[in-house]
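Per TrEMBL, the features are as follows:
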DOMAIN    68-103  domain 'EF-hand'
DOMAIN    104-139  domain 'EF-hand'
DOMAIN    151-186  domain 'EF-hand'
DOMAIN    188-223  domain 'EF-hand'
DOMAIN    265-300  domain 'EF-hand'
SIGNAL    1-19  signal peptide
Amino acid sequence: MSIQQLLLCLSLGVACVSAKPTEKKDRVHHEAQLSDKVHDDAQSFDYDHDAFLGADEAKTFDQLTPEESKERLGVIVDKIDTDKDGFVTEGELKAWIKKAQKKYVYDSVERQWQEFDLNQDGFISWDEYRNVTYGTYLDDPDPDDGFNYKQMMVRDERRFKMADKDGDLTATKEEFTAFLHPEEYDYMKDIVVQETMEDIDKNGDGFIDLEEYIGDMYSHDGDTDEPEWVKTEREQFVEFRDKNRDGKMDKEETKDWILPSDYDHAEAEARHLVYESDQNKDGKLTKEEIVDKYDLFVGSQATDFGEALVRHDEF
């Protein structure tokens, strides 16, 4: 897949792989993703590692011995303890987790920046983005890959202009971040809702009815019986999504669905880490309590079983 196709998929939410008929599509945004791992401490702490460190940093810790992990974790604890009182509170831990996840977003933007800033002036104009992303495709009026690039470009331009606060059609790095990750910015959330509704609202009436809602995440594809999770989603739509019980979701109901404001994943993860590590149950963590539970925060099963000790590549 080319960089242009990849960016189209990332910014427009286009499905880049063939989904299985029973594969559920998740439209819900939770700020920066804490992890794509399952949160199941009975099996592993992979989710906690990604949430606490960020996915990329968590991979580097997988190469460390337990002793090295504990040493580096101690350094991190000093950074988390912002008021330097010798304790890590739930609030400090929440702030750290949010910072780690924001770094994921900014790192992804940084990796793409040079691709689009063609004249190296520290800004990305709409023309630069359009030429890099769509230039080779707009010459072909009938592409064979199923994408309508002219329509996608119009939609991208609308989002670019929304992100461009001063209206000069030139994006700063922050504005470009808002363009690529609109769910991270309050002033961009309406465009996230609008694009989602356009994707799902097949009859173009400005609402999402039950069958459109189900059809977005599930295709019968000849199946006679729906999976159990599809039946559950039908119940969710009736009981929770369609708040005014008119049989369809309007803009506000769609926003409540895809951009929930009543649950903070970073806060929940911080509460979980404190609960699991707070040995004296005083509601805050010492460095010793955190390092004692290093496997929860940064340790890997591989190093626990001593595999890192017999590897020679890190020495």
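Note that Cβ sites are derived from N, Cα and C of the backbone, with glycine treated the same way.
Note: TrEMBL annotation is automatic and uncurated.
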CB contact flag for the domain 'EF-hand' (265-300) and the domain 'EF-hand' (151-186), at least three pairs under 8 A: no
Counts by DSSP class (helix H/G/I, strand E/B, coil) across the domain 'EF-hand' (151-186): 25 helix, 2 strand, 9 coil
Whole-number mean of pLDDT values that fall within the domain 'EF-hand' (151-186): 95
